[in-house]
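Features of the protein shown, as given by TrEMBL:
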TRANSMEM  B:6-28  transmembrane segment
TRANSMEM  B:49-69  transmembrane segment
TRANSMEM  B:75-100  transmembrane segment
TRANSMEM  B:128-148  transmembrane segment
TRANSMEM  B:199-218  transmembrane segment
TRANSMEM  B:256-273  transmembrane segment
TRANSMEM  B:294-317  transmembrane segment
TRANSMEM  B:337-365  transmembrane segment
TRANSMEM  B:386-405  transmembrane segment
TRANSMEM  B:411-433  transmembrane segment
TRANSMEM  B:440-461  transmembrane segment
TRANSMEM  B:481-502  transmembrane segment
REGION    B:514-543  region 'Disordered'
Amino acid sequence: MVTPLRVVIALCLVAPFVAMLWVGSYAKTDPVVIGIPFFYWYQMLWVLLSTLLTMIAYKLWQRDQRARSASKGGASK
Amino acid sequence: MNDGVNGVALAVFIFFFLLVTAMGFMAARWRKAENEHSLDEWGLGGRSFGTWVTWFLLGGDLYTAYTFVAVPAAIYAAGAAGFFAVPYTILVYPLIFTFLPRLWSVSHKHGYVTTSDFVRGRFGSKGLSLAVALTGILATMPYIALQLVGIQAVLDVMGVGGGEDTNWFIKDLPLLIAFGVLAAYTYSSGLRAPALIAFVKDTLIYIVIAVAIIYIPIKLGGFDEIFASASEAYSQTNPATGAPRGALVPGDAGQWTYATLALGSALALFMYPHSITATLSSRSREVIRRNTTILPLYSLMLGLLALLGFMAIAAGVKVQNGQLAIPQLFENMFPAWFAGVAFAAIGIGALVPAAIMSIAAANLFTRNIYKDFIKPDATPKQETKVSKIVSLLVKVGALVFVLTMDKTVAINFQLLGGIWILQTFPALVGGLFTRWFHRWALIGGWAVGMIYGTVAAYGVASPTQKHFGGSAKEIPGIGEIGYIGLTAFVLNVAVTVVLTFVMRALKAPEGVDQTKPEDYTADAGDPGVQVELPPATAGSSTH
């Protein structure tokens, strides 16, 4: 069953793939930050972003599960 | 590079080595269960690990000594292309989040110890499960060999056993000792040993990286300086190829390779038996999902580590064998005692995954070859016995591999292993979500993927070798250079889909599916799911 919540979860999980596989979007040197070319710090930034997105997905998924068991009258299936 | 033995570094190294050896043997008593003669106990640590132990175990497992040596070595050799390891580990976690909890649930419901157990239960096909098991064992062996190569690199830089002119026995003695100790405590303590040692390993590695990433750039005059000298080094023409050595940023031609390597490696990682072993040893489904939110800490560490490759260039490290670049950088930059800590981190970083990998390969052999084909009525006690012995054999095999063959052979086989293991993806992950694929179609797809991958990799030449020179090749029909494993995987899926339609039309027997849809979402505490399973055979419902 597709609910808005699950669409958001899916987007959180798909986003890193789009960002990382589109190499052309980040294959450049500038802007350089503390001496590190964009190519490198951008990908390391995505480690943090993807962690954040996975955490959001995890929280939303927990909420989704709670809602589901509640709608079944609290019975865990 | 052997300008004598580095005494202080060696003493520190030996201290940590003795420490983890003692821990390895004591681990048998850690969280000890009543029935120690089951495969669940020895091979999955009683399936009782919580979030943090699982985190250390998975981290110790996925980020091996080889990773720590090879990723910066790749950067050192060619620049940007080696950095694909970072997007690769970023992509791993959303994948884990999606499919591993399902595998955990169905495995706990049915007592599956290996991926092949699941495939056999799901598709009712011993042939398919054998294919998955053999692929797993084949892909794991060179991986273990590479861990030993990692230890060798460290010993080499420390000046023990190195030189080419020494007698082979003296030369390999330190490696033999390290290996013997590893084999002994894996045999006696099972998965508990690497789980406990992983704490030491990760603590050491985090300390070393934190220090290296601050201390070395200060000594080298900052990141500006480091990237400037790296950039200059990459622009030099390599006499062997007539092309520049590398680049700081991948050019247009390299981008497909970069992306396909990242994606293909991410898909392959959790097909490896040792990653699955560490996952199934966790206490609950929640532990896995929670872990996907803390495991990326290792990716960050890997990214920082990769930068060490640039530092090695800037520091003027010149080595023929790129694998020695990072150990040599440590030796040049750090005071002797801290170099010892860094070497210990790499050395122990090799022992943990080598132990887990040999346990995983042994479990595969015992469950899916020994029990399915040789002795179907084996008792849990016999299973454990066989697993213990096979874990020894696998390690001896890896040792022979390292001692008799050229190191590049080990790396080539490791590349092949990645291509091969990816071909089990459709059966495993496909099987977790749908029963639509036909079991014989899956075998057909697997065979095509394996053959294409091997032949394609055989045809890749590099300046130093005629065959198996790399893992990227032109993708047929697209014309870009891409990761062979991923091309083989796409071919594999296409063949599987086509053959499934054919099998359906021919009404070929589907095989019995032991699992039910609700098995895939069951969690600890649900009826029929035990947190600690009794003997390994308890769940297989056919008995």
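Including glycine, each Cβ sits where the backbone N, Cα and C put it.
Against the transmembrane segment (B:6-28), stretch B:337-365 shows more Cβ pairs under 8 Å than any other of B:75-100, B:337-365, B:440-461. With a cut-off of 8 Å on Cβ pairs spaced 6 or more residues apart, the transmembrane segment (B:199-218) and the transmembrane segment (B:294-317) reach 3 or more such pairs and are scored as touching. When Cβ distances are compared across the two stretches, the transmembrane segment (B:411-433) makes no contact with the transmembrane segment (B:294-317), since fewer than 3 pairs at least 6 residues apart fall below 8 angstroms. Between the transmembrane segment (B:75-100) and the stretches B:49-69, B:128-148, B:256-273, B:481-502, the greatest number of Cβ pairs separated by less than 8 Å involves B:256-273.
Segment contact holds for the transmembrane segment (B:337-365) and the transmembrane segment (B:386-405), given three or more CB pairs below 8 angstroms at sequence separation of 6 or more. If one looks beyond the transmembrane segment (B:256-273) by at least 6 residues along the same chain, the residues whose Cβ comes under 8 Å of a Cβ in the stretch are 62, 80-81, 84-85, 87-89, 91-92, 95-96, 99-100, 114-115, 136-137, 139-140, 143, 250, 279, 357, 360-361, 363-364, 418, 421-422, 424-425, 428, 471-472, 475, 478, 480-483, 485-487, 489. Counting only same-chain residues 6+ beyond the ends of the transmembrane segment (B:49-69), those with a CB under 8 A from a CB of the stretch are 85, 89, 92, 143, 146-147, 149-151, 153, 191, 194-195, 197-199, 201-202, 205, 269, 274-275, 278-279, 281-283, 287-288, 290-291, 294-295, 298, 301-302, 305, 323, 326-327, 345-347, 349-350, 352-353, 356, 414.
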